[in-house]
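As recorded in Swiss-Prot, the features of this protein are as follows:
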DOMAIN    18-263  domain 'tr-type G'
BINDING   27-34, 93-97, 147-150  GTP binding site
MOD_RES   606  diphthamide
């Protein structure tokens with residue numbers, strides 16, 4: 001089969017948006033997502049059908065091939081005929097492992113529909129729920145593929161009736177979550193899965209067959225025939241199944257029939273996902289997915305091309321047509337840019353083309369200043385430009401290692417490699433410890449960091465030394481602190497500040513993007529008044545929102561002279577104080593900083609950053625230290641499946657590691673244990689769980705949240721962090737910041 005059978009055909013169809021579908025395949029790790037993708041790719045003439053299932057075509061990083069899990073979200077355009085009509089299906093592969101959920105979120109923004117793959121034996125797991133919730137929040141329509149049905153017959157030896165019960169239960173579980181997570185009850189009702197209509201497929205991605213109820217009726221396939229084929233272990237009968245009901249045909253037919261085309265989808269997705277004026281020319285062009293309108297592209301992926309060593313920006317064209325030479329405005333970066341080349345993806349390779357029209361996925365060269373999450377618009381429309389909402393990732397980087405090259409001469413190469421890695425994956429944070437000069441790499445878990453380290457070795461040829469992993473903590477306050485006076489070094493400026501805990505509901509609203517730094521202040525005040533009963537005056541007086549660490553600055557002063565002129569300087573000082581708290585120089589999280597009064601010198605020479613930064617910092621630190629400051633530590637949620645006889649052993653391991661059991665669910669012979677443990681205690685867990693369950697526990701993990709460190713562990717932990725950072729072991733007291 002020729003490798004690129006259909007590039008010209010694909011381009012022709014892409015122009016007609018009714019014949020385009022943008023889909024992804026989402027799942028819990030190891031439920032068969034990549035194998036399902038391969039079955040689709042074989043059909044598109046990109047892989048030979050014999051290799052599908054073994055080849056893992058979308059996993060084109062060597063790391064992924066070795067670990068057998070998908071890390072980079074790749075994209076490919078497929079060609080499919082349904083009822084005699086040709087369609088282009090843009091398939092975006094999304095990682096299923098929890099450490100990469102940032103990439104999943106970015107991929108979802110460019111999709112209109114998703115095939116949710118669920119393992120028939122394991123059912124709906126934590127990560128299944130997480131990716132489904134993210135898809136629904138991004139208004140991506142889910143369809144269901146229940147994979148590994150052969151395991152129910154071969155391994156669990158279930159009767160046809162028991163298999164039916166298991167399948168009905170999985171559909172019910174998914175539907176319950178659609179009702180819970182869909183942002184709009186109308187959409188939830190419309191998107192509920194109805195197997196009789198063909199919203200659900202069953203099959204085996206490994207054996208490459210799949211059926212829906214309408215298709216089985218049409219082709220005369222009985223479920224009892226499938227059970228018999230596997231029960232007998234008949235290779236011919238299974239091969240026959242593949243010929244009668246090939247998985248690619250079943251899934252792609254389902255996609256064409258039930259996933260909305262880009263124009264239909266943009267009508268309800270744009271108003272919810274884009275922050276601009278829907279009635280502007282840009283807004284109308286996006287609502288109508290108009291290829292003749294001004295260009296708007298949302299970038300979901302930045303990646304280094306291994307051949308050209310240039311950065312490739314991949315994204316979805318929401319309006320207009322992307323062409324080489326097009327001048328654009330980068331809305332978040334607030335910079336102009338120029339597209340030098342446009343192409344479409346065929347697996348890891350890009351095919352250069354003249355143009356890509358609205359509703360399709362494009363890869364572009366030349367936009368080195370862009371980052372994942374950037375919005376590009378035609379430069380002539382920059383006044384109407386607004387970003388798509390900030391993407392909300394589910395986790396935050398919480399594990400850090402220090403790295404240095406084994407050969408000191410490689411340092412410039414390491415710096416460049418780290419810069420590129422952090423562009424490709426915004427969930428990897430690279431920082432330099434100013435005191436020690438170390439390069440610090442932070443990620444969402446040890447697996448996330450290990451993969452980055454492997455890439456340093458394999459892609460960049462770097463040998464590096466790595467420190468043991470360090471957990472990132474956050475500083476916060478438990479009760480409102482006292483009002484304190486912060487003086488500038490020249491004593492001419494005084495700020496009167498208190499620090500209080502920020503309500504949990506407000507932190508969640510910042511996380512979800514309901515409250516942002518650049519929001520219209522009146523709109524923000526209304527949201528806070530209506531949803532969390534803030535009084536109107538306080539809500540209107542918010543000066544800034546720290547979206548990274550969830551803090552708010554409020555100005556409650558009355559009639560202070562010269563305050564407006566130094567507002568930006570005060571806020572810059574506040575942001576610096578939020579980056580490193582007083583206890584252990586860890587970021588400050590979840591606090592309200594209130595400015596009650598101020599004395600500002602009239603001469604600008606006496607009120608610059610060198611004077612005001614220390615005044616803000618000293619006041620914030622002193623107020624935090626007056627009343628019960630503490631550290632928050634990151635926790636991980638575990639979703640464990642285990643035979644019933646091991647429940648006691650598993651709960652024992654969890655509690656030994658300061659964990660808590662959230663629920664235990666009986667699943668008939670198997671138990672599902674949902675638990676949470678501090679990440680600091682999680683490094684040994686996999687080995688211990690395997691040993692106490694004789695290797696029979698499966699589990700998934702995801703970020704659980706931040707919890708206060710127990711008081712009895714706090715002093716020792718603060719001392720350790722301070723010593724590691726080269727600080728005096730004892731934390732400062734409030735009076736240390738209140739100078740004479």
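Heads up, residue numbers simply count up from 1 along the chain you see.
Backbone N, Cα and C define each Cβ position, glycine as well.
Listed recorded positions: 33, 606. The one with the lowest count of other Cβ atoms within 10 Å of its Cβ is 606. DSSP assigns residue 149 (GTP binding site) to a helix in the three-state reduction. Here residue 27 (GTP binding site) is positioned 59 angstrom away from the residue listed as 'diphthamide', judged by their C-alpha atoms. Under the three-state DSSP scheme, residue 27 (GTP binding site) falls in the strand class. There are 26 other Cβ atoms within 10 Å of the Cβ belonging to residue 149 (GTP binding site). The predicted model assigns the domain 'tr-type G' (18-263) a mean pLDDT of 80. If you draw a 10 Å sphere around the CB of residue 27 (GTP binding site), it holds 27 other CB atoms from the protein chains shown.
DSSP assigns residue 33 (GTP binding site) to a helical segment in the three-state reduction.
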